[in-house]
Amino acid sequence: MIGIENIVFLIVAAIGIGLFVWQIRKIRKNILIGRDVELADNPSERINKTLLVAFGQQKMFKRMLPAVLHLFVYVGFLVINIEVLEILIDGIFGTHRILGFAGILYSGLMAVNEILAALVIIACVIFLWRRNVTHVPRLANGVEMRAWPKLDANLILITEIVLMIALFAFNISDLKLAELRGAHLAGAFPVSSMFVNVLGSDPDTLHVIGRVGWWFHILGILAFMNYLPSSKHFHIIMAFPNVYYSKLLPKGKFTTNPAITHEIKAMLDPSYQPPAPEVDAEGNPVMQRFGAKDVEDLTWKQLMDSYTCTECGRCTSVCPANITGKLLSPRKIVMDTRDRMEEKGEHPAIFKPNHYKEMGVERVEVTEEKTLLRGYITPEELWACTSCNACVESCPVNIDQLSTIMDLRRYLVLEESAAPASLNAMFTNIENNGAPWAFSPADRFNWADELYVPSKN
Amino acid sequence: MEENKRLVKVPTMAQMAANGEEPEILFWVGCAGAFDDRYKRVTRAFVQILEHVGVKYAVLGTEESCTGDPAKRAGNEFLFQMQALTNIEVLNAYNVKKIVTACPHCFNTIKNEYPDLGGNYEVIHHSTFLQQLINEGKVKVQGGEAFTGKRITFHDSCYLGRANDIYEAPRDVLAALDADLVEMKRSRANGLCCGAGGAQMFKEPEPGKKDINIERTEEALATLGAGNGVIATACPFCMVMMNDGVKNKEQEESVKVFDIAELIAQAEGLSK
């Protein structure tokens, strides 16, 4: 039966979804600030990777405890969404447990849902404990873990717990009402049936609690959805495309800039004809910077990386530079890229980077420049990187922190000649001697002098 | 003993070409292998192995030049490409097909980054090459120093391991020594960098609490435990960093740092 409640629901749902789409378009626009890069090759390998790393959570299992707890929340999220679908249909058409006709299948689904919902609550409580009581270092430390990232993480965990409790309130009241009527409620409810009497046995109260639980759950989900783009929790969407578009080449292969190749070839061979430079819509040649100074110099994939980051800090916790007290934190590089992107481009409904930028800066001495380089990320951080790929290896959602670090370094060297003096000396040695040290190329073969092996006979 | 050894005349590509010959492999020595006093011993050990098994090989000699790796990792793409294009011209002129190198940085650069610039070769790191020689029975790992029961821990090079997913080849080579191989807690894909990658080899570390090689050496020493032991490496930069770390910890009497090629040459009785 369709009543006023259903119409209100329909309007609220439409507003919630509309707002979400509006935010997604902003984020899409931000990501497209980035340079174009061709990443559509090899779809079968990409799908495989997405199944393993994103759907299968493969890289999470490098750390068992958080992996198992996260798996509860992840599977809970996926499976409980089927019940959310039912809630949506019930809400629109005024039906009650519309999928109940599925009988044993429905009972199984409801039972699994209830168990998962309980596991989600347990996992989220342990996560809160790890963040706020035991202070797991990678979650608690680091200059980038300012007020907002910490608040954001706690908000998400508390919201998830509240949503699950609302779901239980809805189920418990429904179950008790059916019991009072002497009827059988479609589905099986292993957790709610244990608590069937906690809400009392007044049918009117139970009815109200059930409706409140129902409304709270669905409004909670709509609010949650619109909170996502401002949060690290956006990874629940971005993880999938980000893994799909991840680097398939060996991690040691860094990008090659073809513009430089043409320049050198023309230098070595005056008859070499470099291809005509790219032109924009008005026919003006596109000036491409060497390396990256700001977000528009990075590729859309590197910008997508920063919207996928869950701020878990696995990268920073394995970074040799960070472990030994250097300024570099790969997580900060990724978070800074997102903040700068939203400062320069659009920002979602809730989060604005300037809300928290000034806090917890510590040793990172940024300048007033309105660019990613120096305005957010300092050369000292960039020069601490050993390019060891530990951050890239550790990231559960295949973020390539190293590529961003390298592009920023390239800008320092190629556009500003701002390498540390010792590296400039190394460059000079390579140019003059063909070796990074000051040895004469004539001595390069001296190692072979006076070399003996045992005779075979 | 004099009569039991022969002087090796290391063949160059130029000589081969002059004789109208082509070697089976080009041994790419690398700058550290050619100039660093410690790593020259690794180069010599590897050549002793090549001579011992009778592979037809050659080196570029004075025609070799830096691959450009340190320039590229330091952000100097221009200098890298200058080096790469010049080297590719030399390699292609000699019609080189197969390259073996003992340096993971040279290996990674030639294998992964030269193809974009017109240099396409089969590139093999010496760990994989030695593994093949052992598997084929060409190197029997006998006749020299016995390593049975000796504690050895292998330190993964980032540019061999994470960068190129080569974790087992160096371990297989060490396994042939019948030694007591012990793994550090951070090994294989989780291995901790020695601190030299990304052109750090050529600069002072940024301000921090500790040097990375000290952190790694402490882990290696703790893994080896008391008494004698070997830290095995497969990279010239790792070797420098681990050697410095062991000296810093004043353990150079009991703990030695060796490249896997040196250990094999010793076990095969090719060098002292």
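Cβ atoms are placed via backbone N, Cα and C, with glycine included.
The domain '4Fe-4S ferredoxin-type' feature in TrEMBL is assigned to A:300-330, A:373-405. Positions annotated as transmembrane segment by TrEMBL: A:6-24, A:67-89, A:101-130, A:151-170, A:182-200, A:212-229.
The highest tally of CB pairs under 8 A with the transmembrane segment (A:6-24), across A:67-89, A:101-130, A:151-170, A:182-200, A:212-229, is held by A:212-229. Only pairs six or more apart in sequence are counted, and the transmembrane segment (A:182-200) with the transmembrane segment (A:101-130) gives three or more Cβ pairs under 8 Å, enough to call it a contact. By number of Cβ pairs under 8 Å, the transmembrane segment (A:67-89) is matched best by A:101-130 from the list A:101-130, A:151-170, A:212-229.
Sorting each residue of the domain '4Fe-4S ferredoxin-type' (A:373-405) by its DSSP state yields 18 helix, 1 strand, 14 coil. When pLDDT is averaged over the domain '4Fe-4S ferredoxin-type' (A:373-405), the result is 97. Counting only same-chain residues 6+ beyond the ends of the domain '4Fe-4S ferredoxin-type' (A:300-330), those with a CB under 8 A from a CB of the stretch are 27, 30-37, 39, 62-63, 137-139, 142-145, 149, 153, 232-235, 238-239, 241-242, 245, 337-338, 341, 363-364, 378, 380-382, 384-386, 388, 390-397, 399-405, 407.
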